[in-house]
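S.K.: These came from Swiss-Prot, pasted as-is:
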type	residues	note
ACT_SITE	His47	active site
BINDING	Tyr50, Lys89, Asp488, Gly525	ATP binding site
BINDING	Glu91, Asn526	Mg(2+) 1 binding site
BINDING	Ser92, His93, Asn94, His95, Arg114, Gln238, Glu310, Ser311, Gln312, Ser528	substrate binding site
ACT_SITE	His93	active site, proton acceptor
BINDING	Asp115, Asp266	Mg(2+) 2 binding site
Amino acid sequence: MTEPEITPELIAAHGLKPDEYQRILEIIGRAPTFTELGIFSAMWNEHCSYKSSKKWLRTLPTTGPQVICGPGENAGVVDIGDGQAVIFKMESHNHPSYIEPYQGAATGVGGILRDVFTMGARPIAAMNALSFGEPSHPKTAHIVKGVVEGIGGYGNAFGVPTVGGEVRFHRAYNGNCLVNAFAAGLADADRIFYSAASGVGMPVVYLGAKTGRDGVGGATMASAEFDDTIEEKRPTVQVGDPFTEKRLLEACLELMASDSVISIQDMGAAGLTCSAVEMGDKGDLGIRLQLDAVPQREANMTAYEMMLSESQERMLMVLKPEKEAVARAIFEKWDLDFAIVGETIPEDRFLILHGNEVKADLPLKALSGTAPEYDRPWIETPAAAPLGAVPEVDPIEGLKALIGSPSYAHKAWVWEQYDSQVMADTVRAPGLGAGVVRVHGTPKALAFTSDVTPRYVKANPFEGGKQAVAEAYRNLTAVGARPLATTDNMNFGNPEKPEIMGQFVGAIEGIGAAVAALDMPIVSGNVSLYNETDGVGILPTPTIGAVGLLTSLDELIAGEPQAGDLALVIGTTAGHLGQSALLAEMFGREEGDAPPVDLEAEKRHGEFLRANRKLVRAAADLSDGGLALAAFEMAEAAGLGLTLTPSGTAALFGEDQARYLVACAPDRAEALQAAAEAAGVPLQEVGRFGGAAVTLAGASAPLADLSRLYRRAFAEAIGG
């Protein structure tokens, strides 16, 4: 088949800038072949190379005594004691999910699960953080339903519990939804599998499903803005099969137990190209591939298509040669393809053969380690104008504005489509703060949360970045867990715009300050840029996924109070209404500065709660919606009314940080107050749980009426 001529138009269609193409010519000393152009395009795009963000990502704290492996591998690895490790990561599948919601979201789940089990871990938990356009937008309902169905369809069939996440709506996501998928797994700390190839002449083996044309160019598509050609990009979305993925998991874990694996890498973005280059680059080796050996499910596939296909449920492995028969038998047993498609070579070459032709012969290091890296111009986000006057509101009407909004309404419509109990180790399912999963066969448990408040980040990227980490810290602490580490999913607009790059830089600096202060190093992550449609960008959304440890389930703090329990707030309430949920939902105002985050107070208050967990019956962090929303959610989950005594809009709905709401039996309140005084931690009694009404500063409504609104608003908003 004749390959197309390399023209400026073809170069631009591959997402390469003229100066980048000139650099390619200088590196290889000639014009590239069509396949080589595709390989450079895939490896040098934002999705694979992080060329606009690498400079700043390097500044993040990534080490600590608990960290076994930080960023750079498929997922982060953290020690949880007793010879065990938790392996986790969060990454985006934003562009594919907007184009084809079901498959985009489903393959996002599949990809993050492979990142975890390719390192030798059995997945035990999943989460997802979803951002959609306003419910009235004509595309939103279709996207929401497709994304949720795709996540549930893949995760449920694979057999991993979905234990948490978040869902928000905002007009800034009308043209770009965000689908951030998280997965965590367990492995023996001394049986972690890495991706660096080693040894010359070692067989490179293709594992899993066959290669088709789905997803060709997916990584390049994910590194560009959308415009009116969006429908033409539908073929770049991958198609997933969770049952094949489940077989691939079992085959890989069995293979790993057979001492056959030198290195292993899943085929994700840019497929065979990226997995082979990463393995060779990390091992300082070259790779030779013979594409005639690649299992194909479609006829007449070209070298270009095979190298750039993003067909799902595939792995690439460097195998111990003497173990070929053992490895082949395992994959045949699981009815999966096993094919030797190449070998490691000593030269710094990426050599691609197809038929009797050399389709690509490139310096491998130039594709990865020496890919372009930019120091993009950026400008600091201007300080927000001071918040103007906020009228006093009827507290019940303020609460109704929040619980009647799909962003804050009960999310049962979403969670009920996810299996949260498969594997029978889920202790806390979605809906009550952080998810909690038992570490099977031990007294331990792990807690999981994902958090960010994009309004804050837009108003003040530094404080917004800090707050995302601080809220994750509080959510883990509120279930009794000790926060261990984090993964970041950085979703931003076009980095070539200095104001957008400034948001990114500010958020990174805030995240870095918070993870350092709270001992929650970043161990993995993902960057998704160019989340814009026709030049309109999303809210800056640096999602933080976090994991915490309970050494025993005796440390678990419940989420539901009992009738008669006192409501107390740990922390200081100043009544910060800037960028608050109440302001946005009741008045349509996104004004003022984000609330400041005192990291020392965050740590001190969190440590106080964990140290005094035996004195409280239930706990929740205070964030969006302030005291009123958190207290309502806690009471409603238990089927209880409540009475809050603080008066004034700011006291009830302010979003001051470093605060927790706790429910405490009356006979333990005195001991808790004494402990707070001894620790120098502010503690204020604010009300009581019980009854059949919700009373806020004297205004009252039946719990049943509010609960009905709270539990119906989400489905009604999207026509569910």
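Start at 1 and count along the chain as shown; that gives each residue its number.
Note: Cβ is positioned from N, Cα and C throughout, glycine not excepted.
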S.K.: For a quick check of understanding: among the recorded positions His47, Lys89, His93, Arg114, which residue's Cβ has the most other Cβ atoms within 10 Å?
M.R.: His93
S.K.: Among the recorded positions His47, Tyr50, Glu91, Asn94, Asn526, which ones place their C-alpha within 10 angstroms of the C-alpha of Asp266 (Mg(2+) 2 binding site)?
M.R.: none
S.K.: For the C-alpha pair, I'd like the distance in angstrom between Asp115 (Mg(2+) 2 binding site) and Gly525 (ATP binding site), rounded off.
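M.R.: Cα-Cα, rounded: 11 Å.
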S.K.: Hey, how far is Asn526 (Mg(2+) 1 binding site) from Glu310 (substrate binding site), Cα to Cα, in Å?
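M.R.: If we compare the Cα positions of Asn526 (Mg(2+) 1 binding site) and Glu310 (substrate binding site), the gap is 18 Å.
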S.K.: Rounding to the nearest whole angstrom, report the longest C-alpha distance spanning Ser92, His93, Asn94, His95, Arg114, Gln238, Glu310, Ser311, Gln312, Ser528, listed for substrate.
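M.R.: Between the outermost Cα atoms of Ser92, His93, Asn94, His95, Arg114, Gln238, Glu310, Ser311, Gln312, Ser528, the distance is 20 Å.
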S.K.: Give me the largest Cα to Cα distance among Tyr50, Lys89, Asp488, Gly525, the residues the record lists as binding ATP, in Å as a whole number.
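M.R.: Greatest Cα-Cα span of the listed binding residues: 17 Å.
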S.K.: Can you name the residues of this chain that are 6 or more positions from Asp488 (ATP binding site) yet have a C-beta less than 8 Å from its C-beta?
M.R.: Leu60, Met90, Ile511, Ile522, Gly525, Asn526, Pro542, Thr543, Ile544, Gly545
S.K.: For the C-alpha pair, I'd like the distance in angstrom between Gln312 (substrate binding site) and the residue listed as 'active site, proton acceptor', rounded off.
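M.R.: Roughly 13 Å, rounded to the nearest whole number.
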S.K.: Find the one among the recorded positions His47, Tyr50, Lys89, Glu91 whose C-alpha lies closest to that of Glu310 (substrate binding site).
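M.R.: Its closest listed neighbour, by Cα, is His47.
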S.K.: Relative to the Cα of His93 (active site, proton acceptor), which of the recorded positions His47, Tyr50, Arg114 has the closest Cα?
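M.R.: For His93 (active site, proton acceptor), the closest Cα among His47, Tyr50, Arg114 is found at His47.
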S.K.: Quick check for the class: what is the C-alpha distance, in angstrom and rounded, between Ser92 (substrate binding site) and Tyr50 (ATP binding site)?
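M.R.: Pair distance, Cα basis, whole Å: 14 Å.
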S.K.: Of Glu91, Asn94, Arg114, which is closest to Tyr50 (ATP binding site) if I measure between C-alpha atoms? They're all binding-site residues.
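M.R.: Closest recorded candidate to Tyr50 (ATP binding site) by Cα: Glu91.
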S.K.: By a simple count, how many Cβ atoms lie within 10 Å of the Cβ of Asn526 (Mg(2+) 1 binding site), its own Cβ left out?
M.R.: 22
S.K.: Give me the Cα-Cα distance between His47 (active site) and Glu91 (Mg(2+) 1 binding site), rounded to a whole Å.
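M.R.: A Cα-Cα distance of 11 Å.
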S.K.: Sorted by position, what residues of the same chain at least six away from Glu91 (Mg(2+) 1 binding site) have a C-beta under 8 A from it?
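M.R.: Looking at Cβ-Cβ distances below 8 Å from Glu91 (Mg(2+) 1 binding site), excluding near sequence neighbours, one finds Gly108, Gly111, Ile112, Asp115, Asn180, Ala181, Asn489, Gly525, Asn526.
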S.K.: Quick one: what's DSSP say for Asn94 (substrate binding site), helix, strand or coil?
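M.R.: Going by the DSSP assignment, Asn94 (substrate binding site) falls within a helical segment, counted as helix.
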S.K.: Do you know offhand how many angstrom separate Arg114 (substrate binding site) and Lys89 (ATP binding site) by C-alpha?
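M.R.: Rounded to the nearest whole number, the Cα-Cα distance is 10 Å.
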